[in-house]
Each structure stands twice: as structure tokens, then as C-alpha cells.
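Per Swiss-Prot, these features apply:
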| type | residues | note |
| --- | --- | --- |
| REPEAT | 28-66 | repeat 'TNFR-Cys 1' |
| DISULFID | 29-44 | disulfide bond |
| DISULFID | 45-58 | disulfide bond |
| DISULFID | 48-65 | disulfide bond |
| REPEAT | 68-106 | repeat 'TNFR-Cys 2' |
| DISULFID | 69-81 | disulfide bond |
| DISULFID | 87-106 | disulfide bond |
| REPEAT | 107-150 | repeat 'TNFR-Cys 3' |
| DISULFID | 108-122 | disulfide bond |
| DISULFID | 131-149 | disulfide bond |
| COMPBIAS | 179-194 | compositional bias 'Low complexity' |
| REPEAT | 205-241 | repeat 'TNFR-Cys 4' |
| DISULFID | 233-240 | disulfide bond |
| DISULFID | 244-256 | disulfide bond |
| DISULFID | 259-273 | disulfide bond |
| REPEAT | 282-325 | repeat 'TNFR-Cys 6' |
| DISULFID | 283-297 | disulfide bond |
| DISULFID | 289-300 | disulfide bond |
| TRANSMEM | 386-406 | transmembrane segment |
| TOPO_DOM | 407-595 | topological domain 'Cytoplasmic' |
């Protein structure tokens, strides 16, 4: 029993963990149009109005949104877009690129200093002065200050650029404030480009920062003279390099160049400033570089807000001088639909890119048979089991109901068609009734004498044809009553429209021949005769009087035999067929006694 309770408890905990835990926070954001739910940070974020750009990934208040300025413009403290200064003059170089919240900073090019400063630039630049004879350089010239000279010490060689570099006395030379030329043999070893490797440059810089007054280095040549600045400077030697001020480095042209600054809030230092390489800056974590600059980034923007199924594509920024254009207003960078573990930083080295690729290739595939959802971190999360159960149940109910309604509709349609076929059968074309009697009218003497002179053709034409098909009882009776009876007119004279054909008077049940057969159904056959009753005391032998003709006309309706069995319900349209015997001769009417 305890094992069963423990298993039920584990199942309950698994069901609780399968459901998303941040749904209450997500529901609170839906009702507020000024906020939206960020699945990456799992909290509500402020939606910046149109024309403003968020300064962080999930802004919380209107102050976290800033105005979007055009390129080469920055947003000043008064929240206005101001143009950045230009460094288009020949004596100016760019020190700090133009950013979204700071202007571009220009300074005098190497070998010159600024005599008249301006805001973020210099109005007038002059060349560094040269120390006169007997003077050596105390402080080399910078972009802001001129060269400072001092009298040479007795034990210092005037060929060296600084008294800290050389201690050997020499004479007959004039101190100069210009950089010492570097020999080609040592230039490749002393001046190392940044692209070759940052680690080697840092190691070289650490070797060159030894104290110049160290007893182990004074007067002792180094094994690698090109990388050792502490060796003595012999007379006329060109192995001594120029010593730059702090925050300056010696470029490939042998000039001291200012290192870039990472003082902005959205930048961090990636590589420090060395004697032969500049400082390298990159965007802080959570931001990407939209506009790059030399050894830095001009504009950093937050990571785009992607859906739960997508993550941000890592951008390959291993090369420094690669130029990236800013995305248009209102758009976000691309999102990769393929989930990856973690987000790549804004700038990665080739070694880190290879490691990321190897880790991505070793990721195990996720089976697609089970319902899987991707969280903001890219890890698969199984959906709740009851959701799949309810979906299958709803599908089964819908399919079953549709099949039942379809079958029921077909059955009802079949029944309705059967009822319509019984009540409204297909009407067959009935032949036109042509009642023509060519027999001459019989005289009263012939009727009295009982002479029977008849013709078969006249008897066949003198009778009215009965309808071949009757639908309902009322329809058949009305149709028979509507048929007019015509009597044969004597030869040579026109027949009156009110002349009636002579009815056939049969003997009282002496004729056993079948005159007509009424077929009601396939299993019901009724045999009977048609009777024409005459008034008592009257015969057909007398003269045709008007009263007799009216009585015969009024009483000419034939009487059909009644059906003995009651028809079933719904058989109102039973078909009755009248079949007459062929070749049957009508018996002659008997003579009526005259009064």
C-alpha cells in the first residue's frame, strides 16, 4: 500500500511540473495593453511607444525607452537628436566613435598636439616641437600636450629618446624628439599585429614592463633585443623603441596612437591596451553590436525578443574590422528557429566558435513522437498528458456524431422517397377515348320481335373504355364520372351529343365468363362484373323517349365490386388495372314488355 501511495505521489508531482509555472504572470500581462510578457526573462515588460527604442532587454518603465535617432546623430541630455562632430580634416583622427548617447570625439593625429581645443574635437593642431642641443625628451608629445624637454644628464646618451631607456654615456650627438627608426629585423618581433593573437601580445607586454633599474637588466644584453626595452642604447644603434605614454600604443608606422576607450555604459573591455596594440571593446552581455568601429562598437542594441521556439542567431564577430549595419527602425534581428543551448556573445573568437559548433553537433536529437515544447532556454519540456487525452476524446466524439448524423439522414431520405413514390406514382399516358358507334338505331319492332342482329365491331366501339390505372379511390371515381358517354348515331344522320350507347344487359348470374379483373396488389385479385341497373318496368325495346334517356343518363355510372380485404395503411396509391377478355361477345339485350 505504501508503494502505491508513493507512486501516486510521484505521478501527481510530475503532472504539476508538466504544466507551465509562469502562466499566472502571463495572464496578468494580457489585460494591460502597455505591457507584454517576455518568456526569456519570465516577467511583464513595458511596451515602448512608437518611435522609442528600449535601452534594456525588458523595460519596466517609460524611462527605459529612448528616442531613436538617425545615423551619425546622438541623443543628448535634453532628449534631442544632435549631430556628431566630424573628423574629416587631415590633422584629425577619430578617438571615440559616434554612439546613440554620445558624440564622436576627434583628436590631433600622431605627431601633433591640439593648441586650440573645441567640444569633442580640436580647432587647431601643431606638430610636436624638437628638443634643442643638450636637451633630451622628458615627456613625449601627445595629442593634447607638446613635447617636454630637459637638460641631458652626464651619464645619459643623447641618442636615446628618454633617460629611462638608456644609461650609457655618449657624446657628439644631438637629442631629438622624434621616434627612433626600427630595423626590419626586429620590427616583426617587437610590433605584433592584434589579429595575429591577443595572448602573445599580452605576454610580450608583460615582458616589457620590467623595472628599468633592475640590476639583472642593467648593462646586460637580452637574448631577444627586439623585445627588451631595458637594454643599453649604444651609440648609433636603432634597436631602442619609442616609449609611449600610458593609454597609448605604438602602431605599425612607429607612431604613438591613443587606445580606444570603453568608458560607455554599454561597453566592456575585451583586450587591454598594450605597448603595441590598442584596447579592444565589446558590447556588454545582453546586447549586440549594431554599428561596429575600429577595436570597438559604435552602437549596441539589446537582444531581440524572440518567440519561445526561437533563439537569437550568434553573430560571428571574430574579425575586428567587419562592418555591421544597424537594423531598420521597427525591426529586430533575425531569430533562428533551431534551438541551441545558450546564447553566443556579441563577439566570439574562432576557437570559441569551433567549441560552440562541436557542442551543437553533440546535442542529442529530441524524439518527435512525444509532445515537446521549447522553453526560453532552448531545453525541451514535455507537455501535459491530459491535454493529449482530451484532444483525442473530442476528435472521437466529433467523428462519431458526424457518422451517426450522416447515416440517420440517409435513412430518413430513403423513407421519404418511398412515401412520395407511394402517394405520387408516375402517371402513365392514357390513350384518348374515342367512343364511336356505327350501328344503325334499332327500331321498336326489332326489339319486340327479339331479332338479334349485332355486329362485333359496333359492340366493341359502343362501350366506353375504362381507365387503365387508378391512383387513389377518390381520383378513380372522379375520373370515371367525368367521362362523357356517347351513343352511336344511325347511319346517314348526325348523332346527338346526348345520345347514349345502349347498355349491355346481362342475364342474372348466368354468364360465367370473366369480364374484368381488378388487380389491387400482387397478392390480391378481385373478379367482378359491371352492372347497369335499369328502372323497374322499363326496357330498351320501347321508343327512345326523353324521360327514359334522362333516367339512363343519370344512372349510367357503373358499379364496381367492393374489395373484401382492407388494404394496409399507406396504400392509398394502390394501382388498379382493368383487363378485359378479348373476343368476348356482349349478349343481346332482352326485349322489354311495353306498357
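A Cβ is built for glycine as well, from the same backbone N, Cα and C atoms used for every other residue.
Within 10 Å (C-alpha to C-alpha) of residue 297 (disulfide bond) lie the following disulfide-bonded residues from 45, 81, 149, 289: 289. There are 19 other CB atoms within 10 A of the CB of residue 44 (disulfide bond), with all protein chains counted. Ranking the disulfide-bonded residues 48, 69, 81, 289 by Cα distance from residue 122 (disulfide bond) puts 81 first. Sequence-remote contacts of a segment are chain residues at least 6 beyond its ends whose Cβ falls under 8 Å from one of its Cβ atoms, and for the repeat 'TNFR-Cys 2' (68-106) they are 51-53, 112, 119-122, 125, 143, 258, 260-261, 264, 266, 291, 293-294, 296-299, 326, 329. The closest partner of residue 108 (disulfide bond) among the disulfide-bonded residues, by CA position, is 244; the full candidate set was 44, 244, 283. Of the listed disulfide-bonded residues 58, 81, 131, 273, 283, the Cβ environment within 10 Å is emptiest of other Cβ atoms at 81. Neighbours of residue 244 (disulfide bond), defined as other CB atoms within 10 A of its CB across all chains, total 22. Neighbours of residue 259 (disulfide bond), defined as other CB atoms within 10 A of its CB across all chains, total 21. Across the repeat 'TNFR-Cys 1' (28-66), DSSP classifies residues as 6 helix, 13 strand, 20 coil.
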